[in-house]
Amino acid sequence: MNPAPNLVMIGPMGAGKSSIGRRIAKHFSLHFADTDHAIVERAGTNISAIFKYSGEPEFRRLEREVLHDLLNHENQLIATGGGTILDPENRRCMQERGFVVFLKINVNTQLERLAHDRYRPLLQQIDRKQVLSDLYATRQPLYQQIADMIVTTDHMSPNTATAQLILDLTAHWQKSSNAA
């Protein structure tokens, strides 16, 4: 058993961090928090507008602030944005205050799941596959570096992935307080 006060879901966009995370949070009686939603609430505008008018550095600053605020609490499942792991301080904090679950997905499955998504700023490019491939190459090693558990969600329905994660988490994670 690996005790931690929070569960933290990491992985690329489209992996299921939010949809599966909500189900896992309910099963384990955890508060569900999504960093992207918390950023929108804090900024008072959507993520696309933050990127457009303030730039990615401002978005990443807000992301770091929100993540650290969330991780100061306990009994939560935190679904992070795909790029949250780019900041070394975010990685350190997630490892210290959470049991980190990497939801892994391949680029082709991402393309299928995100085919109709027009809201993610990093996908507003002509060649989405190249963008996702580049993000995968940069971020994959960082996801693996901090993961306590890796679950591949390719070819899994949300129900199947949730059931598998519940089994895996029951075997490997113990909810604790003051684990940091």
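Each residue, glycine too, has its Cβ placed from N, Cα and C.
According to Swiss-Prot, the feature ATP binding site maps to G14, A15, G16, K17, S18, S19, R120, an assignment based on sequence analysis. The annotation Mg(2+) binding site is assigned in Swiss-Prot to S18. Here Swiss-Prot flags D36, R60, G82, R139 as substrate binding site, drawing on sequence analysis.
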Neighbours of D36, R60, G82, R139 excl. site residues, C-beta within 8 Å of centre, substrate: M13, E63, T80, G81, G83, T84, I85, L86
Could you check which of the binding-site residues (D36, R60, G82, R139) sits closest to K17 (ATP binding site), going Cα to Cα? G82
Span of the recorded substrate site, as the biggest CA-CA distance among D36, R60, G82, R139 in Å, is 18
As a whole number of Å, the Cα atom of G14 (ATP binding site) is distant from the Cα atom of R139 (substrate binding site) by 14
Spatial neighbour of R139 (substrate binding site) that is closest, considering only the binding-site residues A15, G16, S18, S19 and their CA atoms: A15
Just give me the nearest neighbour of D36 (substrate binding site) among the binding-site residues A15, G16, S18, S19, Cα to Cα. S18
